[in-house]
């Protein structure tokens, strides 16, 4: 006469009444009940994890909106200062600190980074970072309206390809290993492979800052962007660690006693300051529709590489997911190539349609032209005039 619940697929439940059960089978009913409790807990845990993933995705999308708008506001402020004759940021000037539009852009970027900070606490880094492609699209569209920067067909196609590649990367994104405490984060940061990679990355950043940037920063768009991207990988790792610290603090644990917290805060402040400085130089020197997507590609590359090495995310991935991730990233690179390589090619949709749809020429007209040329062969003046018209 007992009524027991059983879990089915897709989290459905079935209630069954048990009849004609002998006494020795009571242990069987107890084990079934225990199994159901475990299944119910796993289902609730999966639902909670899915909810956290959706929250992380929503925060990442909001972050892209704010960051994409911040590029436009900062560029507006820098252009306004240039019209006043102030020393430009690309030449080492800091007059933008007195411009309210620049501060509005900084506030918008701060909101975007705060949302991004929270997104990293709810979702994996390799899932949040590719969604930054939305900021590329938003910045490109807004720059065409508010900065009068032309975005030709190749640029629009590049934005679409970047979006498609980011979608593929999100679908095949690897799941990072769970890091629930600062002690686990400290162990991962002390991994010899990660330490070696961090040292090499720091050396590359220092060479770019002190040797390459003073000579070629004003002529090569990649110099300032590479500095921001390489330093940005450290900021993302610091954000991930501080997100874990905030979670532990909300649980009532004394995280302020852990020295890793202060190291992460110092690295975050230093990296963000460096990024803001060189990103302003890049925006002031080059076109916004080019700076934003190239910065996205370089930044995503370094962040994904850091996450793979730090969290060992690709160890348990299927070959299909690895192929999908690489294919999505290559698609993004192709989109960026369209944006950069064909930025000076002015082709409109009307021109493309005119090459496809042509008026068919009449055969009789062609024969008349041939007879006219044959009739005028004896007159040099008429031949010269005909050649001029044909040319």
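Each Cβ is built from the backbone N, Cα and C atoms, and glycine gets one as well.
All annotation found in TrEMBL is predicted automatically rather than curated by experts.
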Range annotated as transmembrane segment in TrEMBL, from 79-98, 259-278: 259-278
Annotated range (TrEMBL: transmembrane segment) out of 17-38, 193-214: 193-214
Distant-in-sequence neighbours of the transmembrane segment (53-73), which means Cβ under 8 A and at least six residues beyond its ends: 101-102, 104-106, 108-109, 111-113, 115-116, 118-123, 127-128, 131-139, 142-143, 146-147, 283, 288, 291-292
Contact ranking winner - 100-122, 259-278, 290-310, 322-342 against the transmembrane segment (193-214), Cβ under 8 Å: 290-310
Contact between the transmembrane segment (128-147) and the transmembrane segment (259-278) (at least 3 Cβ pairs under 8 Å, separation 6+): no
Stretch-level contact, the transmembrane segment (290-310) and the transmembrane segment (221-239), CB cutoff 8 A, at least 3 pairs: yes
